[in-house]
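To keep things clear, I will list the structure first and then write my remarks on it.
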Amino acid sequence: MAKAKFERTKPHVNIGTIGHVDHGKTSLTAAITIILAKTGGAKATAYDQIDAAPEEKERGITISTAHVEYETQNRHYAHVDCPGHADYVKNMITGAAQMDGAILVVSAADGPMPQTREHILLAKQVGVPAMVVFLNKVDMVDDPDLLELVEMEVRELLSKYGFPGNEIPIIKGSALQALEGKPEGEKAINELMNAVDSYIPQPIRATDKPFLMPIEDVFSISGRGTVVTGRVESGIIKVGEEIEIVGLKNTQKTTCTGVEMFRKLLDEGQSGDNVGILLRGTKREEVERGQVLAKPGSIKPHDKFEAEVYVLSKEEGGRHTPFTNDYRPQFYFRTTDVTGTIKLPSDKQMVMPGDNATFSVELIKPIAMQEGLKFSIREGGRTVGAGIVTKINN
């Protein structure tokens, strides 16, 4: 069977459901597909199809995630839902499923719970730009004062973790009523999708961001000079443009004198392309794997940062024992390993396998970084953790 061509007529946004266990994330995901299927915007997907989420591997970590897609009048969405709490933690820290926005599901009958808090905090740490709240199970609450109280609690919690709690849309409804085909259930889902459409901002496309390419390999071509290869992470590089080589050593300026892909010469390379870039006047020994090529001034090298990290459990192939302050593993950024020292917060004695933790790191060499950069922690060549830079300290 021929694959249907993906028609890109509407802007695309990645979102996901987050929230406490049993508050109705998967039911809501199913309800969205079933309601939108009525107008041809989705393929109706039942609860148990979503709940049986396939396992995926991302940077050596196994994560269960369910993906559904649907369309509203304005946008095309890819929506991710995870079955277990640990899957959410891993998913958000590894960025396995990038989220441009989230739907926070809170049960009106229970109010915010520990994982509600943790998911809001993680969303903030990993840079989820915006979220909309679905106050679920309102059919189980008879007292309007109680609903108001829960809404207030949710808004306070969002504000506490740095989201604009007062302006975030909160939609009240029941995913179950929507699944049962009740009109009030359906109305709430449509309201929710309108809020997601209007409140979650359109993400900046990778091609519109400043040019950045992690260097994978360096070659010397006699008579032409030095060529570096890699996959363009963001932006566009045109022949003749000035670029900087950042990380590991002092930043150097150079000029792109050629872009090559599949042995053909191009005028430009753009995000997603695997290219070779010819550098004017740069010697082969002045550039190495692990550095990046970047638009001048767009990124700086740093060696001190704070991170949110998921530490693999023993079952996942991680460490068998906890680690303590001054632990010195390898940090794998983009294309290279750099040794670094971990400093735990004063109230934390150790980090257990299977935990997620916040701590600071000092690398022995600076790496081109900005907040939101993902990395792996490795020990003797195997992955023992995955993290994201939440704050740069120097």
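Quick reminder: no glycine exception, Cβ is built from N, Cα and C everywhere.
Listed features, source Swiss-Prot:
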BINDING   19-26, 81-85, 136-139  GTP binding site
BINDING   T26  Mg(2+) binding site
DOMAIN    10-204  domain 'tr-type G'
REGION    19-26  region 'G1'
REGION    60-64  region 'G2'
REGION    81-84  region 'G3'
REGION    136-139  region 'G4'
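On the structure: features taken from Swiss-Prot.
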| residue | record | DSSP class |
| --- | --- | --- |
| G19 | GTP binding site | strand |
| K25 | GTP binding site | helix |
| C82 | GTP binding site | coil |
| V138 | GTP binding site | helix |
Taking only the Cα atoms, work out how far H85 (GTP binding site) lies from the residue listed as 'Mg(2+) binding site', in Å, as a whole number. 13
For the region 'G4' (136-139), would you mind checking the mean pLDDT of the predicted model? 98
Expressed in Å to no decimal places, the gap between the Cα atoms of C82 (GTP binding site) and T26 (Mg(2+) binding site) is 8
In angstrom units, rounded to an integer, how far apart are the Cα atoms of V138 (GTP binding site) and T26 (Mg(2+) binding site)? 16
Can you check which residues sit near D22 (GTP binding site), meaning Cβ under 8 Å from its Cβ, same chain, 6 or more apart in sequence, and list them in order? S107
Please list, for the region 'G2' (60-64), how many residues fall into helix, strand and coil according to DSSP. 0 helix, 4 strand, 1 coil
Taking 10 A as the limit, how many CB atoms besides its own sit near the CB of H85 (GTP binding site)? 14
How many other Cβ atoms are found within 10 Å of the Cβ atom of V138 (GTP binding site), counting all protein chains shown? 22
Cβ distance under 8 Å to T26 (Mg(2+) binding site), same chain, sequence separation 6 or more: which residues? T17, Y47, I50, D51, A66, D81, P83
